[in-house]
Amino acid sequence: MDEKLFTKELDQWIEQLNECKQLSESQVKSLCEKAKEILTKESNVQEVRCPVTVCGDVHGQFHDLMELFRIGGKSPDTNYLFMGDYVDRGYYSVETVTLLVALKVRYRERITILRGNHESRQITQVYGFYDECLRKYGNANVWKYFTDLFDYLPLTALVDGQIFCLHGGLSPSIDTLDHIRALDRLQEVPHEGPMCDLLWSDPDDRGGWGISPRGAGYTFGQDISETFNHANGLTLVSRAHQLVMEGYNWCHDRNVVTIFSAPNYCYRCGNQAAIMELDDTLKYSFLQFDPAPRRGEPHVTRRTPDYFL
């Protein structure tokens with residue numbers, strides 16, 4: 001299709017998605033094909049320039065994503081970096097992930113979308129995205145288009161050479177960013193190994209490496225964060241993956257920050273959400289927000305299993 005025509009169609013899709021109306025199956029298919037072409041050119045450590053606004057988990061809470069854009073500025077007026085977990089748990093995974101992918105295809109230089117541990121075939125079959133696709137489309141094709149696309153998402157991003165962003169955390173198999181650049185990311189998230197760790201690990205109060213209670217990834221202490229940041233010339237590791245009640249949380253003597261962008265997570269946790277604005281000098285400020293007002297929540301019968309780690 002002619003590029004100008006496609007852009008026009010894309011703008012119509014974005015307009016529709018902004019009203020929380022899903023695209024057709026064939027539209028999702030062509031959107032995902034276009035997104036693959038763009039993402040395949042991105043690095044495992046995708047370089048991002050400031051100013052940029054960094055966001056954590058969204059988890060299908062579409063109306064709260066709209067609130068995030070209201071607080072942080074619309075795309076493409078504001079540059080965004082999302083650190084994964086677009087789907088599962090919330091009621092609107094389909095609309096949420098479709099909108100973010102559409103914005104990526106439309107404004108590729110202005111938005112970066114990383115892979116979270118929920119951008120996986122296995123996890124989405126348990127925590128809601130698969131069932132939601134079946135409910136909204138009557139078959140699993142849309143789930144397949146998206147989960148195939150997830151394999152192409154970059155694993156990490158580097159803002160101005162100094163702030164390292166990723167979904168989960170560090171890995172005992174990775175000392176340098178070059179180690180990450182050398183990984184083959186075009187695959188389902190493995191059960192173990194460096195790629196798994198980047199999407200599953202958590203910072204911990206105890207030093208060194210520890211066994212993760214999640215059953216994947218590791219816990220890592222302040223000594224590990226400091227060593228990693230120093231070795232790679234970094235000032236900060238920015239990550240998501242954990243519910244924090246204020247929406248953001250410093251740890252490891254400000255070597256690591258956790259950002260969580262799904263307010264009142266699972267519609268019941270009572271937490272605030274936050275995003276981190278980095279200005280052109282890399283000064284950061286946090287914007288906190290509460291859930292968007294909702295009219296008439298859909299009633300979902302099947303309760304998905306809980307894990308709040």
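Along the chain as shown, the residues are counted starting at 1.
A Cβ is built for glycine as well, from the same backbone N, Cα and C atoms used for every other residue.
Annotation source Swiss-Prot lists active site, proton donor at His118. Marked as Zn(2+) binding site by Swiss-Prot on the basis of similarity to another entry: Asp57, His59, Asp85. Feature annotation from Swiss-Prot assigns Mn(2+) 1 binding site to Asp57, His59, Asp85. The annotation Mn(2+) 2 binding site is assigned in Swiss-Prot to Asp85, Asn117, His167, His241. If you look up Swiss-Prot, you'll see Asp85, Asn117, His167, His241 marked as Fe(3+) binding site, on the strength of similarity to another entry. The leucine methyl ester annotation in Swiss-Prot covers Leu309, and the record cites similarity to another entry as its basis.
In this structure, His118 (active site, proton donor) belongs to neither helix nor strand by DSSP; it is coil. With a cut-off of 8 Å between CB atoms and residues at least 6 apart in sequence, the same chain places Gly84, Asp85, Ile123, His167, Gly168, Val189, Leu199, Trp200, Ala216, His241 near Asn117 (Mn(2+) 2 binding site), listed in sequence order. In this structure, the C-alpha atom of Asp57 (Zn(2+) binding site) lies 10 angstrom from that of His118 (active site, proton donor).
Sitting within 8 Å of the Cβ centre of Asp85, Asn117, His167, His241, and not among those site residues for Mn(2+) 2, are the Cβ atoms of Asp57, Met83, Gly84, Gly116, His118, Gly168, Leu199, Trp200, Ala240.
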